[in-house]
Amino acid sequence: MWATLAKKIFGTANDRRLKGYRPKVAAINALEPEIQKLSDEELAAQTITLRAQLAEGKTLDDLIVPAFATVREAARRVLGQRHFDVQLIGGMVLHEGGIAEMRTGEGKTLVATLATYLNALAGQGVHVVTVNDYLARRDAEWMGQVYRFLGLSTGIIVHGLDDAQRREAYAADITYGTNNEFGFDYLRDNMKYELSHMVQRGHAFAIVDEVDSILIDEARTPLIISGPSDDKSDLYNLVDTLIPKLNDEDFELDEKQRSTNLTEAGNEHIEELLREIGALHDGSLYDAVNVTLVHHVNQALRAHKLFQRDKDYIERNGEIVIIDEFTGRMMPGRRYSEGLHQALEAKEHVQVQPENVTLASITFQNYFRLYKKLAGMTGTAATEADEFAEIYRLEVVSIPTNNPVRRHDEDDEVYRSGEEKLRAITREIEAAGQTLQPMLVGTTSIEKSEQLAAFMLQQGYKQIDFSEPKALQKLYAAARSGKPSKLFAVLNARFHEQEAYIVAEAGVPGAITIATNMAGRGTDIKLGGNVDMRVEQECASLPPGPDRDAKEAEIRAEVDSFRDQAIAAGGLYIIGTERHESRRIDNQLRGRSGRQGDPGRSKFFLSLKDDLMRIFGSDRMESMLLKLGLKEDEAIVHPWINKALEKAQQKVEARNFEMRKNILKYDNVMNDQRKVVFEQRREMMGQDSLEEMIHDMRTGVVDDLVGKFVPHDAYPEAWDIEGLTQGLETALNLALPLADWAKEEGITDEAMHERLQQAAETAYAERAERNGPDLMRYIEKQVVLQVLDHLWREHLVTLDHLRQVIGWRGLAQRDPLNEYKSEAFALFDELITQLRETTTAQLSRVEVAFAPSADQSPFETLAAAAPFDPVPAVPPLAASLALEGPTETGQTAVSFMPQQGVEAFNGRDVLVAAEPTIPTLERNADDPKSWGRVGRNEPCPCGSGKKYKHCHGMIS
């Protein structure tokens, strides 16, 4: 009570924040008449004036008033749109690095121009991030008119651009693109071998559109660049045949936690089935040698019991395509990791693609935290304000609407079963259709949308076929006649090509649009229809002239008439068929109605069998409703139901927040190491010579060898001369008379150390002289970078495996996170040691084995042949330096191995890239000392067929 009273007297924190912006809004308005007097040339020259003021020492904050006034006037002249006062406030929130929560239809795209222009004046580049290529192109072309008028350059980053085009786009003052493209470019840049090949120029300021979708919904999705690994499709298909044979008592299913596990009986049953097909020979399923089988069984079990076709994924053209649980959109190119996607392919009997090995990865959480300043816009952020503040340090400011919201949100109706709910929804659609009220019916999955569509077809409705050229003419004709059309459109992942068109016409009187979740987000539903899209569709075949002008005028008049009809019918009616786990998604659905002061209404129809009610609702809810005498086809409507559902949603949101926080804690460990590796890489690429670093590495290797085989202050008789001889051969390619040295009178460990160091330096200097010092400097840099990349990839795999099993440490009363940090640090320390040893060993064997052309030096020939870029621009191929086995002279020759090009990148989550050729030494299967460092997941060099970690790796 006191909190409510205090809010009435003092206002909320949001109200006080808004009040602080009012003086600057007033100053911008006061400057407007003066700005309006400027000619187009004088207005455009404001950019030069403002940049000059920055150079003289003014800050961006000092320039808010003139900059915003300039953009407002430019938008009025170029677009015919003038920023409202509330939009000016939104621009200030973005400039300060906050999140502007603005309702649908309030002009977020236009608001972004204010902060974008102001920050672009600094010349460090501004990134405007959208959720898909369509919106990136649309916004760049639309708002780009304003920026170009003011003398700023714009670029766009979408799929299909080569590196030169990307570099040009990033060099622009303002760059539009999708979150995935920005993230993947960052990863690809950190796999380049020359600074000049990189495309991004830094991370100064980013404005993220639909910030909740990208930073909350996508937070758990890592961006992964990967390369193919071994083909195990037969094993996936084999294990897949066993899962349907399991009984209900063989596994436990937890829908809340999205997990499934075999019971003790299930373990025995699956072991029996595996033995029958010859996949399990000796011992238990959980013996170390069978760890791969356990992994395949677990993923197959998840694929069959947790993932549903047409809800979590669809089968399209022989491929499994993931469906975004929040938007209902397909995500082509994105694949589940850790073999789950392969298990789904086996389940649906399509070709099982090879698993991928991670080359580089980063989460959106960590990518967007690279920016010095980050801002965002969305229609719904208040429910996640705590998460934005805690994870990203972003404050959410709710911007008031320019016109009051006139949408009426009604209480939910709850029915006993799904069939009763469908009948109630159809009755509601029938009733609203009598007045030609446009309706948007939101569902949570493709399966649910098609279930409702099938039910409506049974009731005599007809589905609009958008493959027909004049698909909507019947709907327009019905609107003209004032009679219900009984036509409906379906928008889900199957019809995503027509998404913008279907959504644009959802505001036509009498239109019924069934959509999955937030499909079509980013496209406004305008009452009466979208006049521009309709003109484009219906006038496309008409040449410019009187006939086209007349047709366009006719369409515009009809759309205005339809708008009046839709308003008279009550505006857009949002019908929700199920509550989502997140209140934010429900609010987004409701927010499609009542844009810019239009009327509207919304209501959710629920059943006790809905997922949220069944999994997260109170166990007593169903029994209580039945005691109240709830009969068939009878609904209960009560504010208590809404509160109970909201509590269930809050529980789910809190759980998801904790999961994201926990993931971030673990990811931060890898992120800290990633920063070190990427910064070190960039520093090495920027140096002309790594001679000093290579010298330090060589010195470190000698120190390690002496420390291992020549104990300090020990007599020569105690030295391990045989071990030292082998160590020098492996690590430094040196054959020295160590036994004779050890017999010398008065020889000490310090003297031995000094001789070894001198011998290593002399041998390397001679090699550099033979190859040419300039060429050797070039080779040194490429070898160090390639070895670092190879070790980093293996390190990522090892960390991933560690993360999967570290949770079991909790059973021993040890904190898994601290254990993970400790072991990850030890592994990283080992990586540094291996980098030193492997680089030194490789460079000690380098010998150039080709003749340069007559007019080129060896360095020029090598540089021209091998750009050393493991992720080249598509489509050219790159050549990669490889170190072959010893030649007849006992040296290792440099050759040029053509490298596979990067496969066309269609996707969001995983880029399948060719794996760079890694310098390797010739290995003798019978001599483990010749193997060098073997990756834990590589086949054991002994030829057993097992992974190294399950063979000689266990011994070592």
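Cβ atoms are placed via backbone N, Cα and C, with glycine included.
According to Swiss-Prot, the features are:
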BINDING   Gln87, Gly105, Glu106, Gly107, Lys108, Thr109, Asp524  ATP binding site
BINDING   Cys940, Cys942, Cys951, His952  Zn(2+) binding site
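Projection of Swiss-Prot feature records onto the structure.
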{"residue": "Gln87", "record": "ATP binding site", "DSSP (3 states)": "helix"}
{"residue": "Gly105", "record": "ATP binding site", "DSSP (3 states)": "coil"}
{"residue": "Asp524", "record": "ATP binding site", "DSSP (3 states)": "coil"}
{"residue": "Cys940", "record": "Zn(2+) binding site", "DSSP (3 states)": "coil"}
{"residue": "Cys951", "record": "Zn(2+) binding site", "DSSP (3 states)": "coil"}
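Here the Cα atom of Gly105 (ATP binding site) is found 61 Å from that of Cys940 (Zn(2+) binding site). The maximum pairwise C-alpha distance among Gln87, Gly105, Glu106, Gly107, Lys108, Thr109, Asp524, the residues recorded as binding ATP, is 17 Å.
Looking only at the binding-site residues Lys108, His952, the densest Cβ neighbourhood within 10 Å occurs at Lys108.
Excluding Gln87, Gly105, Glu106, Gly107, Lys108, Thr109, Asp524, which define the ATP site, the same chain contributes Met102, Thr104, Leu110, Val111 within 8 Å (Cβ to the Cβ centroid), listed in sequence order.
Ranking the binding-site residues Gly105, Gly107 by C-beta neighbours within 10 Å puts Gly105 at the top. The local packing around Cys940 (Zn(2+) binding site), expressed as other Cβ atoms within 10 Å of its Cβ over all shown chains, amounts to 20. Of all the binding-site residues listed (Glu106, Asp524), Asp524 has the fewest other CB atoms within 10 A of its CB. Distance noted between the C-alpha atoms of Glu106 (ATP binding site) and His952 (Zn(2+) binding site) is 65 Å. The local packing around Thr109 (ATP binding site), expressed as other Cβ atoms within 10 Å of its Cβ over all shown chains, amounts to 17. Nearest by CA distance to Cys942 (Zn(2+) binding site), out of the binding-site residues Gln87, Gly107, Asp524, is Asp524. A 10 Å cutoff on Cβ-Cβ distances gives Cys942 (Zn(2+) binding site) a total of 18 other Cβ atoms nearby, all chains included. For the pair Cys940 (Zn(2+) binding site) and Gly107 (ATP binding site), the C-alpha distance works out to 60 angstrom.
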